[in-house]
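Annotated features in TrEMBL:
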- 12-30: transmembrane segment (TRANSMEM)
- 14-169: domain 'ABC-2 type transporter transmembrane' (DOMAIN)
- 50-80: transmembrane segment (TRANSMEM)
- 92-116: transmembrane segment (TRANSMEM)
- 122-141: transmembrane segment (TRANSMEM)
- 153-172: transmembrane segment (TRANSMEM)
- 247-266: transmembrane segment (TRANSMEM)
- 289-314: region 'Disordered' (REGION)
- 290-314: compositional bias 'Basic and acidic residues' (COMPBIAS)
Amino acid sequence: MDHSIGGAQGAFSSIFMLLLISVAMINQSHVFAYDTRELFEVREALSNTFHWSCLLLCHTILEIFWSTICQFFIYVCYYWPPRYSGDANKAGFFFFINVLIFPAYYCTYGLAILYFSPDVPSASMINSNLFAAMLLFCGILNPKRYSPRFWSFMYVASPFTYFVQAFVGPILHNRKLICEYSELSIVDPPEGQTCGDYFSHYIDNNGGYLRNPEADSSCQYCPYTMQEQVVIQYGIKWNQHWRDFGIAWIYIIANTGFMLVGYYYFRVLGKNPFGMIFKLLNPKSLIPKPRHEKDKTIFQKKPGDDKIGTQKKA
């Protein structure tokens, strides 16, 4: 990766691909988790050999283990070829959040959806809609300030917002920016002034640098001096990386809790996951109904009553 503005934007956009890889990992885990769930409910659950929570927690740990191995190879292929920072603080934190924490999040999220869904296709549809919502509002495709006011809360609610900030921070922090010629602003100063004199007050207030401060024409101005300044508009700040780590754990714990509660309510108790939705869409179903149909002729004589209770004579 070069040191230009385009290089900083490319590094920021490349995180989008890291997030998309987790979709494939989730869909693959659904297939194996569903077969395991069916086997457990047919064999172990009926024999009461193991508690139902053993299935969920053990399978979650197993999926996190395999996903961590996959994320390690992703880290090697993604981080080092572009020659990102080799500083232990930055490379180590990127390894920590990408290889160890991110798999724990998307595994608990994916299994939480699978364990309350009736089958794999239903889980895939639910996952696709939720994942698309989290991805659209995480700040990569559209900054928060450009989002409709009604949807601004999704930027804060999306867990990918904090993973994107944690991924991009160590990549661009303290990385010097050198503008390409096409990224420069070319301005002619007033007659009798050099570029340095003309831009001095503006640079003091807005930052940036001049490539030719001694020139008296065609001033070449670059608006940034560090690559992390390019992504500040997206809320990327290196000094918030441990905050993002803590928020990631909140989502991991919430996913695990939802997985346990959802499986108990919908699978152990056998509740219909869409029953409450249908009741809300049909208010008449909430009105109590009589247990038996009204039959005003129940005590009247009907054809065939004489044969009831009679025995056939030999």
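Backbone N, Cα and C define each Cβ position, glycine as well.
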Result, the transmembrane segment (122-141) in contact with the transmembrane segment (50-80) (3+ CB pairs under 8 Å): no
Highest-contact recorded stretch vs the transmembrane segment (247-266), from 12-30, 92-116, 122-141, CB pairs under 8 Å: 92-116
For the transmembrane segment (122-141), distant same-chain residues with Cβ under 8 A (at least six beyond the ends): 12-13, 15-16, 19-20, 23, 26-27, 30, 34, 110, 113-114, 147, 151, 154-155, 157-161, 163-164, 234-235
